[in-house]
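Some notes on the structure that comes next.
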Amino acid sequence: MVRPLYSSLIPNNGSYPLMSRYWPILPAAGVGRRMMADRPKQYLLLQQRFLLDHTLECMLSYPDFEQVVMVLSEDDPYWPQSDFANDPRILRANGGAERCHSVLNGLAALDGLATDDDWVVVHDVARPCLRHSDLDKLFSVLVAPGAILATPTRDTMKRGVIVDSSGKVRIDHTVDRVQLWHALTPQVFRYAELRDALTTCLAQGYEVTDEASAMEYCQQFPLLVEGRADNIKVTRPEDLALAELFLTQDR
Ligand SMILES: Nc1ccn([C@@H]2O[C@H](COP(=O)(O)OP(=O)(O)OP(=O)(O)O)[C@@H](O)[C@H]2O)c(=O)n1
Ligand SMILES: C[C@](O)(CO)[C@H](O)COP(=O)(O)O
């Protein structure tokens, strides 16, 4: 498919159309508690490479992405061993206490570089199996206020309630799963709108777990674009072998 070189033409004073650019931001400052590994999960090895390098390879090889904002822990001791540690296309920002703070820091790193109407493409570095075909699909339908990749739920969904101090959980009820989706990443929004939405949420103490939640809080409702279910977020130990398998498949 022919991919739009730029997401949209932005008319200005009629002299020439401005092109909006794409700015990937990769939150990569987590500690990976749920992975229970000896290092942050983004530095675990998949096919003898850092997990993070697989994600960066995908993003930096996508034709419309010229630079990538990497949001890393300030004291990240592993980054210098990354294949991309000295890559001039990497803009570095410091992580924050939660993912939402890291993303806001990533947006701040674009101050003076991105125009208000440029698109920011926020993608978890913990999702190394993203394919260019899903990026193509996302950008082919991208319109304001933005869009996210998502997959419809496949299982019957239950709401649980904790029943005793041991943490035992019982079913409270079955949740209607029609139109229930797993939010994935990338999540794509206009630079200024996402910066303002996240700033508003955090000022209210609302530490959102994804960018779309911040937009929804501000009454902006992005598109859900069905993406591949193998665009998994490596979160728990059993996810690593799955990601390794997905990376061996033709991409
Ligand atoms: N303060 C944080 C927390 C998370 N992330 C990033 O956000 C993505 C998704 O977060 P998650 O899967 O929760 O990663 P962790 O927070 O590292 O995992 P855990 O919750 O198990 O500690 C990851 O790429 C992670 O590196 C981040 O940049 N800054
Ligand atoms: C952004 C995300 O991957 C969408 O599902 C998810 O919200 C990240 O959550 P986490 O708790 O930071 O892994």
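The backbone N, Cα and C atoms fix where each Cβ goes, glycine too.
Feature annotation from TrEMBL assigns site 'Transition state stabilizer' to Arg34, Lys41. Residues or ranges marked as site 'Positions MEP for the nucleophilic attack' by TrEMBL: Arg177, Lys233.
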Recorded sites compared (Arg34, Lys233) - highest count of Cβ atoms within 10 Å: Lys233
Greatest C-beta neighbour count within 10 angstroms, which of the recorded sites Lys41, Arg177: Lys41
Alpha-carbon distance [Lys233 (site 'Positions MEP for the nucleophilic attack'); Lys41 (site 'Transition state stabilizer')] in Å: 11
Among Arg34, Lys41, Arg177, Lys233, the recorded sites whose C-beta sits under 6 Å from ligand 2: Lys233
Secondary structure at Arg177 (site 'Positions MEP for the nucleophilic attack'), reduced by DSSP to three states: coil
